[in-house]
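Some features that Swiss-Prot has for this protein:
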type	residues	note
CARBOHYD	S69	O-linked glycosylation site
BINDING	F226	substrate binding site
BINDING	C458	heme binding site
Amino acid sequence: MPLSWLLPFSAMELLLTATIFYLVLWVVKAFRLQVPKGLKSPPGPWGWPLIGHVLTLGKNPHLALTRLSARYGDVLQIRIGSTPVVVLSGLDTIRQALVRQSDDFKGRPDLYSSTFISDGQSMIFNPDSGPVWAARRRLAQSALQSFSVASDPASVSSCYLEEHVSREAEHLVTKLLDLMAGPGCFEPSSQIVGSVANVIGAMCFGKNFPQTSEEMLQIVNTSKEFTEFASSGNPVDFFPILRYLPNPMLQQFKDFNKRFLQFLQKTVQEHYQDFDKNHVQDIASALFKHSEESPHVNGDLIPRKKIVNLVNDIFGAGFDTVTTAISWSLLYLVTKPEIQKKIHKELDAVIGRDRKPRLADRPQLPYMEAFILEVFRYSSFLPFTIPHCTTRDTILNGFYIPKDRCVFINQWQVNHDPKQWEDPFEFRPERFLLANNTAVDKTLSDKILLFGLGKRRCIGETLGRWEVFLFLAILLQQLEFSVPPGVKVDLTPVYGLTMKPPHCQHVQARPRFSK
């Protein structure tokens, strides 16, 4: 009797059956969660086996998750691959998690992409959230704030930040007018990024920063390779097999981080050769001094080899966020000329044309400030914070969230929530002005969520806000921006860690008055 007669299944059928069995076992294991009695897991839609909700997220996860939050509430759960992800929406819920329960939500998930950022030692992206991380964060924040508000005795500017921005903004005005005399138009982002990088570079390295370096310009002009890949929900972070398949974007991301780190390592090393602890005038020097006075890692201390990692975080965040904010601002201004006229009128009335705007003018320019706030809210160019992670089992809004659960914070939803904003999809700076139009409504402005909250809140938020204000004030005092008649400006954002505006090659600038 043939052996095959004794077996009810063929080898192929047995293999298929075994595969299905293990697939079902894997899915059941992936979805299984031990929830304490009396508690419940966050709700959410049923996802596909193996891939979860990847297809649901699509190209614009912030929009997809906003739609899901309207159905499932401010605390919902999805899966990317087999990884469960909790998504938080709603300002009150996010404040509860990141501020009132900050110790529970201060972690970072151990994502594959983060291992390439500053050799895996980034203070911003690294999953470490212990005492050493907290001490280094305090140190970086202190150095950043010190050298943004400190002043050079030889300068007429109120602080180093004002001095650097004023100089770079004037250079940018000249550059834009030169482009108008030549090509006759320009693309804003590519012109702005170098000027903004020079500001944060000068803050970090003082006179040692190579402002005209081709290497530096090439790096900052390709920063989109970083922001597009480091976005929340990147499949490479959740599907390990994708790391071994041909992936041009992953390779570009690796190359960018390698070049950026090498550039900063070289700049830090060169700067250290000229370091004088009795003459500290920039962030790197302050970190050098701290390292030499406290060479052993203990509490607030930092070894010198880690300085480049802190500078990497400060420099990287410093130029990308500000560049994106100014780029969006200019595109909104050319599409809404009536708003630009109001800003010009306010600048002329408060500052005139005989002096430059200064940081001290900010309270006297409420419409300008309201415009910037509306740019932040409407564009929400940081749609999510960098993903958080729970550091222990916790309960939020009655839902059980276990330790080490990846958490997305949907800032875009908060900034377009009809419960918080009247006509959220209308660009209207006036919403932020008090009834007499002489001041900004701080209660309303505090509802904008762009820089995160709690123990992971962006350390450069204040610096970034000041920088955006001063750049725009100087540019708009001297220039009027427009596009040629008939040119339509695309305002559809390109999703990423920071959402960039589409390239618009047709922006024009003309001087408002003769110097």
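Residue numbers in this text run from 1 along the chain shown.
Including glycine, each Cβ sits where the backbone N, Cα and C put it.
Recorded residues F226 (substrate binding site) and the residue listed as 'O-linked glycosylation site' have their alpha carbons 28 Å apart, per Cα-Cα distance. Cα of the residue listed as 'O-linked glycosylation site' to Cα of the residue listed as 'heme binding site': a distance of 25 Å. Residues within less than 8 Å, Cβ to Cβ, of C458 (heme binding site) and separated from it by at least 6 positions along the same chain comprise A317, T321, F451, G452, G464. Cβ neighbour count for F226 (substrate binding site): 23 (other Cβ atoms within 10 Å of its Cβ, all protein chains included).
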